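*Asks:* From TrEMBL, here are the annotated features:
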type	residues	note
DOMAIN	7-178	domain 'Cytochrome b561 bacterial/Ni-hydrogenase'
TRANSMEM	12-33	transmembrane segment
TRANSMEM	39-61	transmembrane segment
TRANSMEM	82-103	transmembrane segment
TRANSMEM	145-166	transmembrane segment
Ligand code: HEM
Ligand code: HEM
């Protein structure tokens with residue numbers, strides 16, 4: 001379990017595993033859409049679903065542990081901002097892959113983890129036949145918008161972590177790197 005002075009190895013491992021996974025998925029997602037690299041779509045979906053599984057484990061872990069307590073005395077505003085930012089990050093990491101599944105499922109492209117099919121595709125003459133055009137459009141728009149929103153929030157979140165480390169010189173970042181802070 002986490003304490004104010006030290007985070008458990010599970011918290012640290014889950015944070016960095018999900019952080020790396022999400023950053024990789026955002027980079028590949030934007031690249032494949034911009035360059036129309038359709039061969040990357042299945043890889044993005046497969047890893048997206050694997051990372052989604054880790055995200056669900058992380059959410060359960062957070063539920064049991066509560067959100068991190070500040071390493072030092074902080075103003076109410078600063079603490080509440082951190083809690084709100086962490087909650088939004090947690091919620092977005094769950095909602096984003098779900099919108100990807102809604103789009104892929106409803107558009108008739110299907111999804112699965114590598115050769116393991118989870119939701120079937122529906123093709124005719126090499127074209128995907130949507131199960132629902134409405135849900136497909138909604139899922140696609142939400143996945144794109146929320147993906148960019150998450151990227152902005154991550155940049156702010158990483159900047160806040162660096163501010164703690166470099167300007168405030170407190171143990172916030174070191175604690176998430178597994179170090180004991182006194
Ligand atoms: C890329 C560089 C990143 C850095 C430097 C970083 C740093 C940190 C630090 C220092 C904390 C602890 C804050 C505290 O003690 O109050 C933290 C917590 C957190 N971070 Fe990050 N983070 C990064 C990426 C991400 C990403 C990509 C996500 C997910 C979208 C994320 C989601 C969270 C969440 C939800 C928490 C709350 C604690 C928890 O659930 O484990 N972080 N991060
Ligand atoms: C946390 C996990 C995920 C992240 C961070 C993520 C992120 C992204 C991003 C940033 C894009 C580019 C959006 C754009 O430029 O419009 C994208 C595209 C896409 N993602 Fe994900 N994704 C994740 C999971 C998934 C999952 C689980 C699926 C489906 C099973 C999926 C299916 C897609 C598809 C089909 C596209 C192409 C959308 C288009 O052509 O407009 N993603 N993803």
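Using N, Cα and C of the backbone, Cβ positions are placed for all residues, glycine too.
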*Asks:* Counting Cβ pairs closer than 8 Å, which of 12-33, 39-61, 145-166 has the most of them with the transmembrane segment (82-103)?
*Replies:* 145-166
*Asks:* Limited to the domain 'Cytochrome b561 bacterial/Ni-hydrogenase' (7-178), I'd like the whole-number average of pLDDT.
*Replies:* 96
